Structure formats: structure tokens, C-alpha cells
Amino acid sequence: MEFWGLEVKPGSTVKCEPGYGFVLHLSQAALGESKKSDNALMYVKIDDQKLAIGTLSVDKNPHIQFDLIFDKEFELSHTSKTTSVFFTGYKVEQPFEEDEMDLDSEDEDEELNVPAVKENGKADEKKQKSQEKAVAAPSKSSPDSKKSKDDDDSDEDETDDSDEDETDDSDEGLSPEEGDDDSSDEDDTSDDEEEDTPTPKKPEVGKKRAAESSVLKTPLSDKKAKVATPSSQKTGGKKGAAVHVATPHPAKGKTIVNNDKSVKSPKSAPKSGVPCKSCSKSFISETAPQAHSKAKHGGK
């Protein structure tokens, strides 16, 4: 840095040149001694432009500070006719364009490098986090997935087994009952047909009426006995006893009320059935063979 200053006399113009490789900084202007109150308007001319930079007065502003920089030749002048004006400042070496380019490039590199480092750091952090998650996810999911698969397989096996067992049980439970129902229905229908179709041979009126009255009375008692007695008592029937049959309680047979005193309760009937003396048929109640013999064998 180099100090600089000059005097501009009244009515004159002074040329100033910063010099090669320097810039001139205009710092201050002061009004010289004057016996009269005088004002001085200062000008600077650069190329073809003339600009006013300030006004000095003995009473109010004897000096003014500036902050003007010039990098090429310029001219200073003022309007005072009685006193001179003094300008002061300093010169500074001007940085070359190459140096400026280097400085600018360095600044740009620094500005670019800082965000790049941040972005790279963020990217690295993101990559690390993603890798950690990717490593943690399979390790956590592998045992859970295996357990879930095993549980699903076991549940499916259990459901399949339970469904098969239920279907088997239902088939086994229904088949004997259906068979028993069919057999009991066939027995009932065959007995009813045999008992309800009497064929008397003798023309005797008294016996015929007695036979008809007995035939009409006995089927009702037989039917009541058949309804009251459980299917488990038909062990001496035509088709034999059924296996594992769900039957009503045998106690219900006790609640049957019959006004006919001649008809006995099913308890007196033997388990093997009452056989007919004339043929090989057997009946559950004791009165059924009598009606059968009267209807089929003519009361023998």
C-alpha cells in the first residue's frame, strides 16, 4: 500500500493515474486556508463523464471523507476561485486476472466440495442403514417364517384329521340307526298286514263276531306295545338285534295306560318272543298269537 495526495489550485484541473497494477483509493478532500467564506464544488471526470462528488465550505464542511476507488486515469477539479482543495488517499496493488481466476476457482471448489462431502456422508449413512436393515430383516424373518410355516402345516393336518374323524363317526353313527329304523318299520308293516287281514273259514256268527272283536282290539294293544317298547327288546324278532342303537329310555313303557285289563304290560313278554303253536312265527305280546291263530288257523 502506498500513500497518495495532491493539490488542485483554483480554476485548474489535475489528472491522476493509479499506475499499472495499482488501484487508487480516494479517501478525503479538504479546503485550504481562505480569508473569505467560499464554497467549493468538487468534480471528477472519467472518460467523457463528469460527476460531482461533494461540496466544501469554510463554515460548515471544511473537509469530506470519500470511499472511491479508481483503476484507471481520471481528472479532479473544483469551483473555488480563492483557495485550493487537497485530496488524499492511497494506492494498492491490483491483483492480476490470473490470480483472481485462481482465487475464484478455489472459492468455487471449496463451495462445491462442502456439499459434496455432506451428500456423500448422507449417501453413505443411507447405504449403511439400508444394509443394516437388509441384514436384520432376513435374520428376524427366517425363524418367524419357519415357525409360521410349521404352525400352518400342523393346523392344516389337525383340521384334515378332525374332519375325517367327524365324517367317519357320523357315517358309523347313522348307518346302524338307519338300518334299525328300516328293519323295525318292515317288522311293523309285516305284522300289521298279517294281523289286519283275517280270513275266517267257519260261518259261525258268534265265533266270527268274537274273532272280529278280538282282532279289532288286539292290534291296538299291539301297536301301543310296539310304540312303548324300545327297539332293544326286539332281540327275538325276525332280523335279530341291532348293534349300537340309540333308543329311547325303556322306562317309558311303564307310563302306558290301557283300559283293557286283559292286555298285559310288555314286561310279561319273554325276551325271545311268544311263538305260535301252529306255525313258526313268534310275537312280542301274549295276545298277538291268539289273534293270529284265530285269524290264520281258525282258532285252533
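These residue numbers are counts, starting from 1, taken along the chain as shown.
Here the Cβ of each residue, glycine as well, is placed from N, Cα and C on the backbone.
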34-57, 58-81, 274-297 - the range that Swiss-Prot marks as zinc finger: 274-297
Summary of DSSP states over the zinc finger (274-297), given as helix, strand and coil counts: 10 helix, 4 strand, 10 coil
Confidence summary (mean pLDDT) of the zinc finger (274-297): 79
